[in-house]
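Annotated in TrEMBL:
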- 44-168: domain 'Heparan-alpha-glucosaminide N-acetyltransferase catalytic' (DOMAIN)
- 45-62: transmembrane segment (TRANSMEM)
- 82-102: transmembrane segment (TRANSMEM)
- 122-142: transmembrane segment (TRANSMEM)
- 154-172: transmembrane segment (TRANSMEM)
- 192-210: transmembrane segment (TRANSMEM)
Amino acid sequence: MRTKLTMYEAIKGIDDDDHQWREKKDIESALQISRSSFPPDKERLVSLDVFRGLTVALMILVDDVGGIVPAINHSPWDGLTLADFVMPFFLFIVGVSLAFAYKNLSCRFAATRKALMRSLKLLLLGLFLQGGFIHGLNNLTYGIDVDKIRFMGILQRIAIAYLVAALCEIWLKGSHNVSSELSMIKKYRFHWVVAFVITTIYLSLLYGLYVPDWEYQISSEDQGSSTFLNLKVKCGVRGHTGPGCNAVGMIDRMFLGIQHLYRKPVYARTMFKFSKQWAITSRRSFLVSSAF
């Protein structure tokens, strides 16, 4: 009897071990299935996050301190200051993020739809923040003046650049893996073609278009009353890159309208401030001489 019990206990121990082993394998299989059913955690590029934070800090610094320290504020035209790095840094971040966002695409049409929606949201946000919805911070007047709304602000330009880069990344990128410098160039060869075409068109228009003379109007406060002065910019040049006679500004005035551009352009703030002062002085002299 003792021998039979011993044999039974040994067989039972083997069966228990086998049952525990099977349960363990079933649990592992279930965990493996549950893990595969969920998408893997997206790995973040820590260096890009750090660079994004530093760029935001730089933007806050130049916005708050730029008025006190002109050396770090935006350069009026020619030159490069600390504030001029902010927007290129943001565009660089957008480009690197697109490469990771569209690394593995399941559906190009769905990705295109998302890119269009994001660009539209960014464009509308730019129109709201920089289009002239807030008329004055002191008197808290709000509302959009359709005749003077600013179409192209910072966010609007980033939205257009994002859309172009996203479409290139979705539709023009090669499908093979990158194993060398040559294969990387081959994979992104159509990106280089698009960049070359855009650069060629831009340089051709900038140095090839003829910019004629044009006029703009400024308002000035003269003894409590607003006066409007018409100033004429003498251009008649081709390939000029100054603030008042470049082809980019002419195209903006032609298609967008001067009333829909930036309110304080550099040509009105620097180049013609003496002309403005001379016009106001001449007007005062004319009024004085007319009185006598």
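Every residue, even glycine, has its Cβ placed from backbone N, Cα and C.
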What are the DSSP helix/strand/coil residue counts across the domain 'Heparan-alpha-glucosaminide N-acetyltransferase catalytic' (44-168)?
84 helix, 5 strand, 36 coil
Considering every residue in the domain 'Heparan-alpha-glucosaminide N-acetyltransferase catalytic' (44-168), what is the mean pLDDT value?
88
